[in-house]
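Encoded as structure tokens, the structure appears first; notes follow it.
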């Protein structure tokens with residue numbers, strides 16, 4: 001995966017998302033999820049910030065950010081707006097998508113609603129297309145239980161290829177387990193092999209062709225497969241974002257020479 | 001690096017354009033959905049043993065076409081009723097406290113031989129305005145906000161939005177405007193910021209421009225006290241709170257109605273377009289967290305709003321005292337301006353002092369009534385408000401009748417947003433033009449509506 005360039009990610013963090021890491025050692029975690037899955041509640045649990053949480057969609061429009069420390073590691077947590085997808089058909093989706101893709105967080109936690117897994121997995125699958133560094137939280141386990149919904153966690157984890165942690169964010173249940181998994185990630189002890197969606201033959205061929213063209217230009221910064229898919233999907237706005245980023249790094253290149 | 005007009009990325013784009021057809025995008029999206037479906041089906045088993053699905057039952061009632069609206073209005077009415085009933089006594093206590101303290105402060109001023117003007121500005125101007133704002137606003141807010149936050153926490157507000165969604169779409173605007181409008185009940189500046197959740201710039205502008213038509217908590221006290229005095233007073237005292245609550249609900253309905261009409265007019269004229277669709281999801285009902293409701297509604301909202309009112313009211317009180325006491329010829333500046341505005345005010349069923357109070361109240365709606373009371377007092381300082389009766393007498397002595405009261409409430413409901421909201425509109429739309437437009441539009445609506453009501457009243461010959 002080509003998401004390695006720290007410099008471009010960092011400058012974008014600063015400029016577009018108004019987020020600044022205190023130090024290189026601080027680990028940036030993005031928190032993504034559908035609206036009303038308890039994202040802000042989990043955010044508050046982790047950071048201890050008493051952010052206002054209201055019970056309706058579209059509450060977090062700008063990014064909320066907070067820090068926390070666990071086992072001597074410092075984390076910067078970014079609460080993304082709640083979205084059902086990140087195919088960028090709305091402002092919230094664009095903010096969430098741009099942050100996960102271009103903001104270059106070290107880790108993305110996708111928080112899902114156990115009572116309607118299918119719709120929530122949509123987002124999880126889309127995030128896992130962009131980055132390998134994903135952890136899935138299965139929240140609202142208590143409500144699911146009340147509704148008689150049972151989820152085979154082990155099987156789900158095998159399917160997704162990333163850790164799946166059951167939580168009840170409002171009571172803080174599962175938060176310790178989540179912190180432990182985050183810690184393992186920082187120690188490189190997690191094996192992350194996220195499930196990748198396979199498309200029909202003709203699309204896969206096209207994507208491969210596009211990737212070949214993209215690779216010499218942007219492969220060191222971006223996930224070419226994902227960008228290719230977005231371009232095929234008709235999202236050309238993404239190119240202007242890419243352009244502005246590579247123009248910055250081009251200038252940097254001149255200075256080095 | 002070369003500055004070719006054609007970047008390497010343009011090549012890629014050309015390639016894609018040559019290969020692309022519309023079905024690819026659809027196929028990509030549906031493949032993702034199918035994958036999500038397959039995975040979720042293979043790991044989920046549902047065994048719903050509950051005999052009664054309460055949440056679905058409740059939703060059916062709360063969002064039904066028949067019962068949805070009546071329940072909504074009933075809840076709103078109950079909240080206002082509790083607020084009115086509950087706020088009376090603590091308001092009385094607070095005002096007693098402030099005015100007994102004032103006597104002591106005046107005593108200190110006399111003892112120190114302070115000049116009259118200093119006592120005038122500091123005590124009769126600033127202190128009294130503050131005392132008024134706190135004793136009139138604090139109790140209703142301390143009751144209203146926790147109840148409103150409770151509804152929010154229970155998950156009722158999204159149901160309100162769901163009920164209203166259809167009406168907004170019929171007005172050619174976005175269903176989410178129902179949500180931003182609801183925010184406006186707290187504070188219009190907050191409501192305007194909330195409009196960020198609407199993506200289409202056209203629909204966002206409409207939502208921003210019309211947000212002011214629902215009363216914020218700076219204007220609720222005006223509606224509450226005037227409906228208690230003039231409308232509740234029509235019937236026997238045991239029904240007066242009820243009738244007052246009903247009339248506030250009615251005012252809110254007028255506000256919503258005007259919001260819809262103006263939205264529709266805007267979307268047919270200068271902000272033409274088709275409403276974009278969205279799916280409004282009804283979140284599950286949640287058990288409210290009482291502790292956090294109290295903290296949030298009392299600290300975050302009540303104290304915040306009160307603090308802002310106090311900060312604005314203090315200088316406004318001083319300025320009002322000054323213009324009421326500095327005379328040109330034999331007449332105070334206040335009377336000069338009020339006299340100038342009076343003919344126009346009378347056309348609207350108001351008077352010059354009322355218009356003057358609205359203008360001086362631009363910084364914050366909370367101070368309109370205090371300023372008006374101060375202006376009506378002969379000495380140019382606010383009266384000691386022993387009870388709402390003394391306020392009623394003061395207003396009656398200054399020529400008020402029920403039409404004046406109704407038009408005062410309507411003007412307050414519809415007129416220009418406060419300075420904070422206007423600045424917020426400028427910031428959110430990034431243009432002075434739209435802030436100015438909102439100012440002119442809302443003021444015109446307020447003038448037209450009050451003018452019509454007054455003309456009708458004159459025609460029928462009520463007064």
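Cβ from N, Cα, C; glycine included.
Among the features that TrEMBL reports, transmembrane segment is placed at B:66-84, B:178-198, B:219-236, B:242-262, B:305-328, B:348-373, B:394-414, B:434-457. Here TrEMBL flags B:135-227, B:314-431 as domain 'Nucleoside transporter/FeoB GTPase Gate'. What TrEMBL records for B:248-297 is domain 'Ferrous iron transport protein B C-terminal'.
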For the transmembrane segment (B:434-457), could you work out the same-chain residues 6 or more beyond its ends whose Cβ comes under 8 Å from its Cβ atoms? 205, 208-209, 212-213, 258, 262, 347-350, 403, 406-407, 410-411, 413-417, 422-423, 425-426, 463
Using DSSP three-state counts, the residues of the domain 'Ferrous iron transport protein B C-terminal' (B:248-297) come to 29 helix, 0 strand, 21 coil
For the transmembrane segment (B:348-373), find every same-chain residue at least 6 residues outside the stretch whose CB is under 8 Å from a CB in it, and list them. 128-129, 132-133, 136-137, 216, 218-219, 221-222, 225, 308-309, 312-313, 316-317, 319-320, 334, 337-342, 382-383, 385, 391, 394, 398-399, 403-404, 406-408, 411-412, 415-416, 418-420, 447, 450-451, 453-454, 457
Apart from its near flanks, which chain residues at least 6 from the ends of the transmembrane segment (B:305-328) lie with a Cβ under 8 angstroms of it? 117, 120-122, 124-130, 133-134, 137-138, 141, 187, 217-218, 334, 336-337, 360-361, 363-364, 366-367, 370-371, 374-375, 380-381, 420
For the domain 'Nucleoside transporter/FeoB GTPase Gate' (B:314-431), DSSP counts of helix, strand and coil? 82 helix, 4 strand, 32 coil
